[in-house]
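Annotation source TrEMBL lists transmembrane segment at 132-149, 185-203, 215-241, 253-274, 317-341, 403-423, 435-457.
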Amino acid sequence: MSPSPVDSPATEPSRSARLRRWAPPVAAAAIAFVAVLCQLDPGGADPGMPQGPGLTVDEGFYTQQGVYLAAARHFGLALLDPRTLGEIFDTDAGYMADHPPLAKLWLGLWHDLAWWAHAPESPGGFFSVARARVGSAAAFALTVGLLVLCGTRWYGLPTGLAAGASLILMPRVFGHAHIASLETVTNLFFTACLCGVAAWWNPRVTTFKRPALCGLLFGLALLCKIQGALLGPTVAVWALYHAWREHGWKEGWRAIGPVAVFGGVGLCVFFVGWPYLWLNPSEHGAAFLGTITDRLPIRNYYLGQVWNGEEFDPTPWHYPLVMTLATVPVGITALALYGAWRGGIWGGVRGEEGGVRREKLGTAGSSPLPPPSSPLTLFTAAVLVPLALVSTRGESLYDGVRLWLVIFPPLALLAGRGAGLLFERLKDWRPKLAVPAVVGLLAVQGVNVVWMSPVWLSSYSAVVGGLWGADRLGFERNYWGDAVTRDLLNAADRQAHTNAPFFVAPALHQFADDDRAAASPAVRRRNDTWEMLSPLEQADGLGGDSPSGLAFGFHELDVFGTIRFARRAYWQAIAEPYTPPYETLLIDRPARFLPGRLVMRRQGVVLAVAPVDAEVPRPTEAEWGAMRLRAAATGAPPP
C-alpha cells in the first residue's frame with residue numbers, strides 16, 4: 001500500500017481531508033466506549049442494563065479516593081494555597097498515598113460526570129463503583145482511538161483499524177476496561193507517551209526540545225501508577241539502539257543526554273503533579289518507595305502450585321511471558337510477531353523504512369536525516385523491555401497480567417501492522433479476498449470476548465486450550481472475584497429462605513463485604529434487615545445455627561462464606577494440609593448439585609458458586625477421615 005503524500009506545511013488540509021483523517025479514530029473510540037459502557041453494573045446500580053463484571057478487590061478503594069480527590073475542585077482558587085493542599089493530601093484525613101493521584105482523579109471526575117448524567121437507581125452511599133467504571137471505559141476508548149490515529153497516519157487505514165480492533169479483542173484488556181482500576185488509565189498515558197516519542201523524537205539527532213516535550217507525557221504516566229516508570233528503560237533502549245546504529249558505538253552515547261532530559265522532565269512532572277510529595281519530600285518519598293519494595297507477600301497460583309510471593313518462594317521468572325502468551329488471542333500474537341519482524345526488526349536490518357511519517361504529528365522537524373527506521377522498533381521495545389524487567393521480580397508477580405498490562409496497547413499496534421502487511425500481500429495476490437480474510441481472521445480472535453462475558457479476567461487463549469485447558473494445566477481460575485456477578489447475587493437472594501446476610505469468600509480485605517453491599521441492593525437489603533433483628537431473632541432465623549445454608553456443618557460465617565469464588569491461590573493455600581482440597585469440597589462439589597442460576601461457569605469451569613439453602617451431599621466419611629489424619633500429621637486444626 002503506497003502512503004499518501006505528506007501535506008505541505010504551507011497548505012491547510014481541506015475540511016473533507018480533516019474529516020477523513022479524524023473519522024476512523026473517533027468512530028473506533030466511540031464503538032469501544034459504547035461496547036464497554038453497556039456492561040458496567042457490578043451489583044444492581046443499573047438493573048435495566050446487562051450485567052458487568054462483579055466487584056473486584058480494589059475498586060471500592062479507588063472509587064472512594066477518586067471521588068475524594070475530585071471533590072477538591074470545589075476549593076477553587078484556594079487550591080493554590082499550600083495549606084489547602086496539605087489538608088487534601090493528609091493521610092490522617094483519609095487520603096491514601098499508595099498510588100499517585102492522576103488515575104484516581106480521572107476515575108473520580110468521570111464518576112461525578114456519569115452520576116450527574118444518570119444517577120444510580122439504588123446508590124449504596126456517596127459513591128458508585130458502576131459510575132467510576134465509566135472512567136475506565138473512557139480511557140480505554142481513547143487508547144483505542146489513539147492507536148487507530150497513529151497506526152493510520154504511519155502505515156495506512158488497514159493497520160490503524162486493525163490495531164484498534166486488536167486491543168478491543170484482547171479479553172483481559174477489554175475486561176479491565178470494565179472495572180474501576182488504575183491500569184486502564186495508565187495504559188492511556190503510557191500509550192500516549194509512546195506515540196509522542198515515535199512521532200516527535202528522532203533518536204538519530206542530538207536534540208533536547210522534543211525529548212523534553214515527550215518527558216511531559218512520561219511524567220503524566222508516572223502520575224497514574226508506578227508501571228509508568230517502565231517507559232524510562234524502554235525509551236532509553238530504543239534511543240541508544242538507533243543512535244548506535246546511526247553513529248556507531250563510540251558516538252552513539254550522545255543519545256544519553258536526550259534520554260536524561262526525557263527522564264528528568266518526567267520526574268519533575270511527577271513531583272510537581274503530586275502535592276503529597278511536597279509536604280515532606282524525604283519522608284513521603286521514602287514511604288511511597290516502600291510501598292513498591294516492601295509489599296506484603298501475595299499468594300499466586302501458577303502451574304498447579306501456590307507460590308507464596310516471598311523472597312524464598314517467588315513466582316517463577318517465566319510467569320509474565322507465559323501468562324501473556326496464555327491470555328492474548330493466538331492470532332493477535334501471531335500478527336504481532338509478523339508485524340514486529342517484517343515491519344520493524346527485519347525492515348530495520350535491511351535498512352528499509354518501516355513506514356512513512358505523515359502530517360504534522362509525524363514530522364521530524366528540520367533535521368535533514370530520515371526518521372527512525374520504524375516506530376515499530378519503539379513499540380517492540382515497549383513489549384519486550386517491560387516483560388524482561390517484571391520477570392526479575394518474582395516475589396511481586398501475581399494477579400494475572402495486570403502488573404504489565406501496559407504492554408498490551410503496543411502489542412496491539414504490532415498486531416495491527418502485521419494485519420496491514422498481510423492485507424497488502426493478499427491484495428496483490430487475491431484482491432477480492434484481502435478484506436474478508438483479514439476481517440475474518442480478526443473476528444475469530446474475538447470469540448472469548450463474547451463467550452467469557454462478563455468474566456473476561458478469567459479468559460485464556462487457545463494456546464493453553466481456553467479456560468478449560470488452563471484449569472487443567474494449573475492456572476488461576478478467578479483471581480479478582482469478578483465472577484460474583486449481579487445475576488449470581490440476585491439468584492442467591494431469591495433462593496435463600498432466611499434473612500441471613502451474605503458473605504463472599506475469600507474476603508481479601510476487611511471492607512470487602514461492605515463494598516459489595518454498597519454495590520448490590522440485594523446484599524444491602526439483607527444486611528439492613530439483619531441488623532434490625534435482635535440476637536434471638538437472628539438465631540431463630542438461622543434455625544439456631546450459623547448462616548451457612550449448607551449441609552456441610554461448617555461455620556461459614558467465619559471462613560467459607562455464603563458465596564464463593566474460585567481463587568485457587570486462596571483455597572489451595574488454606575487446604576494444603578487436607579485431602580481432598582477445599583476447592584473440591586466447597587466449589588466443585590456444590591456446583592454438581594446446584595441449579596445453573598447459582599453457579600457461574602464458563603467453558604466447563606466453575607468460577608463461583610452460591611450454595612444458599614441448597615441440598616448438597618456431605619463429604620464421605622472416608623474424605624473427612626483423610627482430612628483429619630492429614631491435619632493431625634501436620635499440626636493443622638482439624639476440619
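The backbone N, Cα and C atoms fix where each Cβ goes, and this holds for glycine too.
Small disclaimer: the values here were computed from a predicted structure and weren't measured.
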Exercise for the section: For the transmembrane segment (215-241), find every same-chain residue at least 6 residues outside the stretch whose CB is under 8 Å from a CB in it, and list them. Expected result: 99-103, 106, 182-183, 185-186, 189-190, 192-194, 196-197, 201, 203, 252-253, 255-256, 258-259, 261-270, 273-274, 292, 377-378, 381-382, 385-386, 389, 403-406
Practice task
Decide whether the stretches the transmembrane segment (403-423) and the transmembrane segment (132-149) have at least 3 CB pairs under 8 angstroms, with pairs required to be 6 or more apart in sequence.
Solution key: yes
Practice task
Give the one range among 132-149, 185-203, 253-274, 317-341 whose Cβ atoms make the most pairs under 8 Å with those of the transmembrane segment (435-457).
Solution key: 317-341
Exercise for the section: Determine which residues of the chain contact the transmembrane segment (185-203) at the Cβ level, with the cut-off under 8 Å and only residues 6 or more beyond its ends counted. Expected result: 102-103, 106-107, 135-136, 139-140, 142-143, 146-147, 150, 154, 173, 210-211, 213-214, 217-218, 220-221, 223-225, 227-228, 230-231, 234-235, 238-243, 255, 258, 357, 361-362, 364-365, 367, 369, 371-372, 375, 378-379, 382, 405-406, 408-410
Fill in the blank from the handout: Same-chain residues at least 6 beyond the ends of the transmembrane segment (253-274) with a Cβ under 8 Å from one of its Cβ atoms are 100-102, 201, 203, 206-208, 210-212, 214-216, 218-223, 231-232, 235-236, 239-240, 242-244, 247, 281
